[in-house]
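**Student:** Sharing a structure below in structure tokens format, with a few things to ask.
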Amino acid sequence: MLTLGLESSCDETSCSLVQNGKILANKIASQDIHASYGGVIPELASRAHLQTFPELLTAATQSAGVSLEDIELISVANTPGLIGALSIGVNFAKGLASGLKRPLIGVNHVEAHLYAACMEAPATQFPALGLAISGAHTSLFLMPDATTFLLIGKTRDDAIGETFDKVARFLGLPYPGGQKLEELAREGDADAFAFSPARVSGYDFSFSGLKTAVLYALKGNNSSAKAPFPEVSETQKRNIAASFQKAVFMTIAQKLPDIVKAFSCESLIVGGGVANNSYFRRLLNQICSLPIYFPSSQLCSDNAAMIAGLGERLFCNRTHVSKEVIPCARYQWESACS
């Protein structure tokens, strides 16, 4: 089956063609326009998706060596995300599905991040613990199989990627700051600052306290939002970045062994943009004795290959297929703890 995937949940526009699980083309267009604002502007994101989808679709079909008529299924990210951005993708998908007379399936963007690792590791062991870490999400799932996601825990405040971006801004790094902070941290001393990992009861996370701790480290007692940041040496910036990175990832890592035991998981699946962090990958390999599955770098960021892959799998299994595909900004998962 040849599946077209479409992704527009935030600020990446992507078109991909996947055939029976094999990626034939995966085109991604990032929106640099948001950098000057220090964050994603929803209206600008929607406009960019609208302008970019047609040319990106042409590029994907040409790269894969197929025509629109060869497409057998259209899979689109319809939840969760920015409602305007999602609507652009869903409407574009509906137009194609109607014109080509092809079936259309909606796919959960967060679930697709975890499925991305399964696309590249067909022999993934289940039940698995799924960890989705991105700019907007930090969630743990019990995965009895590759297409079932039961919520175990989530962040109570900021997502981990959002926290990275905010701390990067404190350090004077441009948006998006996650990767730039990681690069800065490589040259720093992770033990220079005693940022304690946040401890939250149960299986949830909290990152707002770490963000505040970094603010105090930079501003001292004068940590109000209006107070200017003092001059900080490059060495101190590197040390703060390294210490923050260690603490923020330990916030997650310290919970995993108990959760794996509680839910009898046989593997760990990690997905999302933050899953590309090399420090976190090394940390997980040190503390986890289970097999760990990460997507390749190109499948960590928002992309349509994961949307096409999961959509194809769901359609072939005839599971979770809705006749009506509706964009939805938020999604409520069934709990694994009930």
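Cβ coordinates are placed from backbone N, Cα and C, and glycine is handled just like the others.
Summarising the annotation, Swiss-Prot assigns Fe cation binding site to His109, His113, Asp302 and lists sequence analysis as the type of evidence. The substrate binding site annotation in Swiss-Prot covers Ala132, Ile133, Ser134, Gly135, Ala136, Asp165, Gly178, Asn277, and the record cites sequence analysis as its basis.
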**Student:** If you count the C-beta atoms lying within 10 Å of each candidate's C-beta, which of the binding-site residues His109, His113 ends up with the smallest number?
**Tutor:** His109
**Student:** Just to be sure I understand: of His109, His113, Asp302, which binding-site residues have a C-alpha no more than 10 angstroms from the C-alpha of Ile133 (substrate binding site)?
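**Tutor:** Among His109, His113, Asp302, the ones whose Cα sits within 10 Å of that of Ile133 (substrate binding site) are His113.
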**Student:** Using CB atoms and a 10 A radius, I'd like the single residue among the binding-site residues Asp165, Asp302 with the highest neighbour count.
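**Tutor:** Highest number of other Cβ atoms within 10 Å: Asp302.
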**Student:** Do you know which of the binding-site residues Ala132, Ala136 has the most other C-beta atoms within 10 angstroms of its C-beta?
**Tutor:** Ala132
**Student:** Do any of Ala132, Ser134, Asp165 (binding-site residues) have a CA within 10 A of Asp302 (Fe cation binding site), and if so which?
**Tutor:** Ser134
**Student:** Under DSSP, is Ala132 (substrate binding site) part of a helix or a strand, or is it coil?
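**Tutor:** Ala132 (substrate binding site) sits in a strand per DSSP.
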**Student:** At the Cα level, what's the spacing in Å between Ala132 (substrate binding site) and His113 (Fe cation binding site), rounded?
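**Tutor:** About 7 Å separates the two Cα atoms.
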**Student:** Does DSSP put Asp165 (substrate binding site) in a helix, in a strand, or in coil?
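**Tutor:** Assignment for Asp165 (substrate binding site) reads helix.
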**Student:** Compute the centroid of the Cβ atoms of His109, His113, Asp302, then list the same-chain residues not in that set whose Cβ lies within 8 Å of it, in sequence order, for the Fe cation site.
**Tutor:** Glu7, Ser9, Ala77, Val110, Ala112, Ser134, Gly271, Gly272, Asn303, Met306, Ile307
**Student:** Over all pairs in Ala132, Ile133, Ser134, Gly135, Ala136, Asp165, Gly178, Asn277, the listed substrate binding residues, work out the largest Cα-Cα distance in Å.
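**Tutor:** So the binding residues stretch over 17 Å, Cα to Cα.
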